[in-house]
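Here the structure comes first, spelled out in structure tokens, and everything after it is commentary.
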């Protein structure tokens with residue numbers, strides 16, 4: 001086609017917004033090989049008289065800019081269609097009703113941000129003979145809801161504490177060096193006795209653009225099983241996966257799915273392992289590729305909130321004070337603290353007393369009662385938002401997202417109150433990946 005006929009063909013397209021002849025096409029639509037109709041836009045040229053002898057011109061893309069907020073949904077639908085066509089295996093469906101229902105259609109929802117759910121794979125299998133919590137088969141916890149430990153903060157025995165140490169950090173930390181990505185052809189048996197901390201470290205090692213959160217879940221699942229443990233979230237109140245992966249505006253309880261992580265994302269991975277009759281729980285928020293400065297500050301502030309809260313843990317401290325410390329540091333940084341979810345007691349039960357709110361004083365609604373005593377074990381896990389603190393729940397019944405679509409970060413440790421202070425049972429190991437710049441300086 002010669003130049004004149006090519007120009008004539010281009011001008012035959014109409015601007016998607018105003019209907020004028022269109023000479024521009026959305027570059028993302030070109031990349032995704034979408035039809036030109038509906039992706040074409042006009043542009044105008046403005047002339048400015050600089051002097052009696054000089055004339056300057058500039059072009060504007062007003063229609064393209066004005067249409068961008070609605071037009072970009074075309075890109076998401078195209079990506080989603082590609083994902084669905086690639087999932088040739090049975091069972092890749094959207095999750096509904098807290099994991100009890102599946103559907104082939106993207107649920108309708110007034111989404112707060114750019115993120116959308118993707119189809120999830122089938123529930124992963126657990127070998128026979130592995131010690132399992134009582135919800136593993138039918139999704140319903142039996143002991144936990146009615147236990148006296150929902151109202152009484154348990155003082156652990158030395159034997160329970162030793163089991164929790166083993167579950168949280170492992171007694172063979174050197175095996176954390178094992179590279180666990182299946183694509184490299186290394187067996188899961190190399191992981192030996194990798195437990196909660198090392199399982200999370202294993203997940204951290206594969207995080208990069210292009211990896212799906214479902215692949216992260218597979219690493220967590222296989223590493224936990226190889227260590228002789230059970231992934232506590234799996235089928236807990238019907239949760240369909242072995243860990244939670246919360247991306248960008250997801251606050252917590254994100255379900256691993258077929259979406260590929262993108263450069264600039266942040267992703268929280270929340271791991272809990274059931275081993276020798278006790279649970280170990282921790283999570284961290286990771287950078288995916290090159291992340292913007294605001295997200296880096298959000299993640300670092302959240303890390304600092306947890307560290308500052310841990311620093312006050314010792315016998316005699318009120319549980320309420322944890323939230324006061326976290327709230328003070330977050331608000332001084334211009335961030336907000338989620339109020340809907342809190343830290344919790346942990347041990348032979350996944351969740352029990354005490355509740356540990358992360359927000360401010362009793363005037364702000366923090367009604368946590370009681371004081372810390374040696375032998376207690378619980379989690380602190382602040383969720384910090386870049387915007388408002390309020391959250392909304394996706395149709396899957398699990399995924400909590402920020403009400404304004406802005407990003408959220410979280411960090412968590414399982415802690416033991418000692419006679420003189422605190423022991424971080426899920427503390428980072430010398431072999432843990434060096435993924436946080438502020439720890440490397």
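We number each residue from 1, going along the chain as drawn.
Glycine too: its Cβ is placed from the backbone N, Cα and C atoms.
Keep in mind that TrEMBL annotations are predicted by a computer and have not been checked by a curator.
Model, not experiment: these values are computed from the prediction.
Pulled from TrEMBL:
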BINDING   253, 351  substrate binding site
BINDING   270, 281, 412  divalent metal cation 1 binding site
BINDING   281, 344, 381, 412  divalent metal cation 2 binding site
DOMAIN    193-419  domain 'Peptidase M24'
Requested in this report: Give me the Cα-Cα distance between residue 381 (divalent metal cation 2 binding site) and residue 270 (divalent metal cation 1 binding site), rounded to a whole Å.
Outcome: 10
Query raised in the report: Which residues does residue 270 (divalent metal cation 1 binding site) neighbour through Cβ under 8 Å, counting only same-chain ones at least six apart?
Result: 233, 243, 244, 245, 246, 252, 253, 281, 282, 283, 410, 412
Query - Spatial neighbours, same chain, of residue 344 (divalent metal cation 2 binding site) - Cβ under 8 Å, 6+ residues apart - result: 351, 352, 353, 354, 355, 356, 378, 379
Query raised in the report: In the same chain, which residues outside the set 281, 344, 381, 412 have their CB within 8 A of the centroid of the CB atoms that define the divalent metal cation 2 site?
Result: 270, 282, 283, 343, 346, 379, 380, 413, 414
Query raised in the report: Mean pLDDT, the domain 'Peptidase M24' (193-419)?
Result: 95
